[in-house]
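Peer 1: Below are the structure tokens for one structure; questions will follow.
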Amino acid sequence: MRPLDEGETVHRSTRALAAALAVATIVPLAACSTGEGSGPPVLTWYINPDNGGQAAIAASCSDASGGAYSIETSLLPRDAAAQREQLARRLAAKDSSIDLMSLDPPFIPELAEAGFLAPVPDDVATATTQDVVQGAIDGSTWKDELVAIPFWANTQLLWYRKSVAQAAGLDLTQPVTWDQIMTAAQDQDKYLAVQGAKAESLTVWINALVESAGGQILENPEAPADELTLGLETDAGRAAARIVGEIGSSGLGGPGLPSEDEAASLTLFQGDKGSFMVNWPFVWSSTLSGVDAGSLDQTLLDDIGWTTYPQVVEGQDTRPPYGGISLGVGAFSRHTDLSYEAAQCIVSAENQAAYFVSDGNPAANTAAYDDPAVQKAYPMYDVIRQSLEQAAPRPQTPFYNEVSTGLQQTWYPPASVTEDGTPVTSTDFITAVLRGERLL
Amino acid sequence: MMGSVLSTRARVWWAVITVVVLVGALFPVVSILMTSFKGPSDLNSGTFLPPQWSTDNYEQILSSGGSAQELFLSALRNSVGISLIATVIAVVLATLAAYAIARLNFPGKRLILTTALGVSIFPVVSIVTPLFNLWRNIGLYDTWLGLIIPYLSLTLPISIWTLAAFFRQIPWELEQAAQVDGATPWQAFRKVIVPLAAPGVFTTALIAFFIAWNDFVYGISLTSTSAARPVPAALAFFTGASYFEEPTGAISAAAVVVTIPVVILVVLFQRQIVSGLTQGAVKG
Amino acid sequence: MSTDTRGAHPAQPSRPEPDPAPDLTPDKKAKAARSDRARAEARLGWYLAGPAFVVMLAVTLYPILQAVYDSLFNYKLTAPDDRSFVGLGNYVVILTDPVWWRDFAVTFFIMVVSVVVELVLGFALALVMHRAIKRLRGLLRTAILVPYGIITVVSAFAWFYAFDITSGYVNSWFDWVPGIGPDLNWFAHQGTSLFVIIASEVWKTTPFISLLLLAGLAQVPGELEEAAKVDGATAWQRFSRVIVPNMKAAIMVAVLFRALDAFRIFDNVFIMTNGANNTEVLSLLAYRTSIGQLQIGMGSAISVLLFLCVIGICFVAIKLFKVDLAGARGER
């Protein structure tokens, strides 16, 4: 007895047909897959998601190799921490299928220290650091040795709405301080766009503030876990905490601040209450395409200005955030020589320039900035190049994940950050985590 | 009540109730459907309906040359393949087990059912770490088989339960009756028992497939490339127009595409699914 | 969530097993024959059920034992050489850490609230389907099966995009509600984040509980209800005095299964907040520690504790609330 039944209304044949129909809607989609060919050695390049630029470079380098190798790309997650997670997992398994990796610089020391990166041949090191900005070389170096090849380098600029700056009487041809832009935004009843979400972007912000104030998050980044000393309980740490806390608690960051990442910052900046924003150069190409699509006004585009990252201490040179991607070669790869050959092709100045234009990710090689296409697409190219020379990488330590996650736990939400309290609590917490006494 | 003529007032009430249930059940689906038709510049419009209808997001994941096409289609292939295989294995094993439980008397029957119950309440996260460690040592990490095996922990217990409940309702005497009437045991089984058991097996397969199709924890933990990454895990890999932009549109479009088969199956087989889900609770 | 056993089976009333065919031969021979046959039957039973049994054990028992072993070590995957035995040290760290207890409280809160809300909504839905005329019934069932069949991650994205301050429309639709306005960031506060998380969980899993209750409703003898009606009982009295007591077993089992399922919540939280603003749940903590930070030792210890929590909930349900799992198993 099946009380819920209303009789066999669907005949078995109908049912079979129906099942076939349901399957038919998904199978044809699934069926068109890419086949694998045999031929030259296939190098697998694990890439971070982008606009297709890395895949294009992979194809052109495969062609250029004259059959010596062909590069296949495999996608990593969007989130930087998740990228590290995937790669570390595979490398810990001594995976030989990892030839090339697009690496976020803060995670390089961890992989290098664990012996997961194949040593860079001297000639390759020399060739690939020619004309490259210092920040990118620093970010690819561990214990005074180049362990990865700089590919593209990123930095944040201060973007501003000319109308707001003018109304506030702020002169942006001169370096400005955080306090100045905070006051200007407050006076004009506008929001300041920063990255307050609990994510890697928060660490980027904190690090830039601490470095700009002349401090360092880690004083001895190369030390073992239980000997690492934090530099937050200093004037620099407190200055950083004051700025984050004030923007958070005054409402200056807007209601979206606790979930605001780079993209959300841009949306805020483009809106009616936009004033100043610290962000990567992708915001320019993104705004341009919005104007092309008709969803944003040309007047908005004309209203946008840019300059170097704000100072924390007046008169003291700012240290903008450093980001980007370096190429690592897997230590367990069967083709390390070919991989380094391919890496050299990938990071050529022409490829970097093309990638800058197509994907909005600035080149690490200064030669790329002379390319007319780059200069046309990014009128602020000179500010970017200059900013890259000044940029400060995040702490170069094998325990970066613990440090960064620890900062995100204790400096979040921004409104809860206090000048005197947060540097102490975060130092205590991160120290305990590094000693294995606390959960992250 | 059922079958009786309804008064006007009752009609109105039923209409209201039906609308409320339909809206409640379908609204989030419609919501993401609308989002999927918003062009890149309308994603932050803050409206429910797209200001301008656009198929950009679908082109991104489906058309050749779309930036997420390869990512999405390989994930779809993995999801379909892995879920189907895990379902088939679970249903075959469960059919044998459930037949034994329903028809035979043997010591340990209770143990098997208790085990199935225990496995079904097991926290997936608890076993993912050791599995991950084992898989990378024996080379199952990031392979189809490496997901199919753990998926059995999701699909097998429920299949055993559902099928055992179905099989208890089959009038097995018919088999003997057919044999008395001169049919061979095989004929009796094929002509009498298979038609009676088939709907239950089919329903069980549907439910098992839904569960495997839904998995997320195994999918993100035990794969790392498009070789085995299923759809729910792949959604985290989509990207917007540039590295930092939100992939809201692509995710919505992919979400809609993977929801279509679910809706079709539900519409066609709602009665079977309901009877399968409630089988154990109803007196056989 | 994906750790899902949505069809786990409640309340099968026990039922005698089919008797072996009647045997009329003299005693001794019969006994021998019977035991022979019993042995053969047992062997066949294990041949048929054995593979499923072995597979189930292999995919759960082995990993959990391995997790127990790993949890005794300080072991990080990116520093495999530093592996050292720490005994119960990891457990001490976890159980003295406020993070564990905060996540425990959040998980427990989500479990209790979502189960209570689902029970109420599920009952209402079950009554609606029970009473509905045939034509409507099919429609209603199809509608509620959509949330059941949809991928949890997809549902989480649907809810997230609707409420998100940048892309969502909820703020502008409901700005007439006090406290909701264009400036409300749902995912910036614990309370509002949990509200959306629980709402999506309830939406996704109420169908399951309502179907179980529907099956339970079918078991309530119609005559009893009729009799109560004749005696002048109000609708509420009929519901609370006749329907509910007769469905008690079905309700308890449905609640237990949903509670265990809700306790393992992962997907929605991962997608919507990833644990920000004190919304982290235990499954996410275990995932972040073992898979995210590659702290195999510490992560395994959290996994084992999570497993013990699930067993604890079962134990409490069976001992304190007398949930009849024997009935649920369909065997006695």
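From the backbone N, Cα and C atoms, a Cβ is placed for every residue, glycine too.
Quick paste from TrEMBL:
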TRANSMEM  B:12-34  transmembrane segment
DOMAIN    B:76-269  domain 'ABC transmembrane type-1'
TRANSMEM  B:80-99  transmembrane segment
TRANSMEM  B:111-132  transmembrane segment
TRANSMEM  B:144-167  transmembrane segment
TRANSMEM  B:192-213  transmembrane segment
TRANSMEM  B:250-269  transmembrane segment
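In terms of burial and nearby residues, how do these features look in this structure?
Peer 2: Sequence-distant contacts of the transmembrane segment (B:12-34) (same chain, at least 6 residues past either end, Cβ-Cβ under 8 Å): 6, 48-50, 252, 255-256, 259, 263.
Beyond its flanks by at least six residues, the transmembrane segment (B:144-167) meets 78, 81-83, 85-87, 89-91, 93-95, 97-99, 101-103, 112-113, 115-117, 119-120, 122, 124, 127-128, 131, 135, 197, 199-201, 203-205, 207-208, 211-212, 215, 218-219, 222-223, 227-228, 230, 276-277, 279-280, 284 of its own chain at Cβ-Cβ distances under 8 Å.
Long-range contacts of the transmembrane segment (B:192-213) within the same chain, counting only residues at least 6 positions beyond its ends with a Cβ under 8 Å from a Cβ of the stretch, are 79, 82-84, 86-88, 90-91, 94-95, 151, 154-155, 158-159, 162-163, 166-167, 170-172, 174-175, 178, 183, 258, 262, 265, 269, 272-273, 275-277, 279.
Counting only same-chain residues 6+ beyond the ends of the transmembrane segment (B:250-269), those with a CB under 8 A from a CB of the stretch are 29, 32-33, 35-36, 38, 57-58, 60-62, 67-68, 72, 76, 79, 203, 206, 210, 213, 231, 234-235, 238-240.
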